[in-house]
């Protein structure tokens, strides 16, 4: 779905006021669900979630945390519901066999970095993570899902939009009232620059929660290859404009853009239309990694990969917090006979 513009406006906007009663009902139901006790997992569970619907940068955050876990000796596995995929799981994602229609787009990206389990039944998925010889689980999304007990939850916020109008769906972007979600959050991560993230940061500090800041940066080689090139940029993610901004920052000359709904299942007609326009205008088709896995392998599309970067003090804080969840077990290959 595409987020309606009034979500990012004031809460007194007419559509928001009309939908506010439904938002109170929906948000209250989610809040009550979040309060249920969850099953214990065989491994420490780190939840990367957000308080709003749509993209905030959870997948790059999960990948960055996996790197930090490896630095302190852990072997992470990712656990995902597999949004947009038809397989209920639990199943280990194999990019050579699975497509986005089966397991969703994010799991295909995560599986490049570590064992990735798709499971609508999160406790069953956690058991399969343990069977994959992981020592820690990174749950991509799931802050509002109570089925699995989390050891540490980090809420990701986009500094450009924050919590929007502060109302619960469908009146606004919140999955539940923010006051009901704070007790389930152990740290706040604000990605990018913008004033909308500052009220969230101030609220977190008042609650004694650490506030970590990070930036999404394009892969240098890919950015250099696009510098000065005329492009047709397209994306079906939570905030396509963020991707277009990244392309401009990389020096690409954006001649046209096309925004699709988040997790859009591209049809042959979509791609054919994009290719026609690109050929006619002499443009390079460019999209995100997440969109690329939803396209045919032979599609003539260039990708601009991005990754999340922390300052060293924030990276050190994260390493310390992750280490506090428990030491990684010794590698059996290093044990003396």
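Backbone N, Cα and C atoms are what each Cβ position is placed from, and that goes for glycine too.
Just so it is clear, the model here is predicted, and its values are computed rather than measured.
Going by Swiss-Prot, these are the annotated features:
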BINDING   52, 53, 54, 55, 56, 57, 58, 59  ATP binding site
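Features recorded in Swiss-Prot, as mapped to the structure shown.
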| residue | record | CB count, 10 Å |
| --- | --- | --- |
| 52 | ATP binding site | 26 |
| 53 | ATP binding site | 19 |
| 54 | ATP binding site | 18 |
| 55 | ATP binding site | 22 |
| 56 | ATP binding site | 28 |
| 57 | ATP binding site | 25 |
| 58 | ATP binding site | 25 |
| 59 | ATP binding site | 24 |
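In the three-state DSSP scheme, residue 58 (ATP binding site) falls into the helix class. Note: the ATP site is recorded as 52, 53, 54, 55, 56, 57, 58, 59; in the same chain, 50, 156, 158, 238 also have Cβ atoms within 8 Å of that site's Cβ centroid.
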